[in-house]
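In what follows, a structure is listed as structure tokens, so that the remarks can point back to it.
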Amino acid sequence: MNIIRKLKPGTISLVLGPMFAGKTTFLIHCIYMLERLEKKVVFIKSTKNTRDKTIKTHSGIQLRPKQCKIIESTQLSDVGSLTDIHAVVVDEAHFFDDLIKCRTWAEEEKIIILAGLNASFEQKMFPPIVRIFPYCSWVKYIGRTCMKCNQHNACFNVRKNADKTLILAGGSELYVTCCNNCLKNTFIKQLQPIKY
């Protein structure tokens, strides 16, 4: 189904998945489609993501927008006025404590597209994602293959080091995504017991 039919003014769309699944690639695709429809788009990136100063995926795909305005911010409430904007695209949405601000933009008839992790390295959902979820009119899950066994769907993000900081930006040097079997059989030793 054509994604553009789902992206309507006044709606919030959410793309979730583990690291390295292609969420940012999906956002870049949406931006290009919106630009072809002559929509003014703003791309919001968290300053907590210190990996790269450009809009670039883990696989090296880089955003080269025609008109898209790129904003780096710690909080969405610091973004300022978006009166002339048709669509707001937020990458790494789990980094924004005030993600619920997107409701205000949706009420202003903006198209909202969010992408974020399905869970932390502790296998817990991020509170900002939990708070915005009920207001999303469309949710897409993007998966990937386990980086350990290459056989099963990976839905878990596992940190390779013992750092317990909740937000620690990084790529494959710090994280691996794995399936349930590999989580239990290989990585569970570095995690505390998972509580549901």
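Every residue, even glycine, has its Cβ placed from backbone N, Cα and C.
These features come from Swiss-Prot:
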type	residues	note
ACT_SITE	Glu92	active site, proton acceptor
BINDING	Gly17, Pro18, Met19, Phe20, Ala21, Gly22, Lys23, Thr24	ATP binding site
BINDING	Phe121, Leu166, Ile167, Leu168, Ala169, Gly170	substrate binding site
BINDING	Cys146, Cys149, Cys179, Cys182	Zn(2+) binding site
Cβ-centroid neighbours of Zn(2+) site Cys146, Cys149, Cys179, Cys182, 8 Å, sequence order: Thr145, Met147, Lys148, Asn150, Gln151, His152, Ala154, Cys178, Asn180, Asn181, Leu183
Least surrounded among the binding-site residues, given as Phe20, Phe121, when other CB atoms within 10 Å are counted: Phe20
Integer Cα-Cα distance in angstrom, Thr24 (ATP binding site) to Glu92 (active site, proton acceptor): 8
DSSP state at Thr24 (ATP binding site), helix/strand/coil: helix
Between Pro18 (ATP binding site) and Glu92 (active site, proton acceptor), the C-alpha gap once rounded to whole angstrom: 11
Other CB atoms within 10 A, centred on Cys149 (Zn(2+) binding site): 14
Residues near Ala21 (ATP binding site) in space but at least six apart in sequence (CB under 8 A): Ile142, Gly143, Arg144, Ala154, Thr177
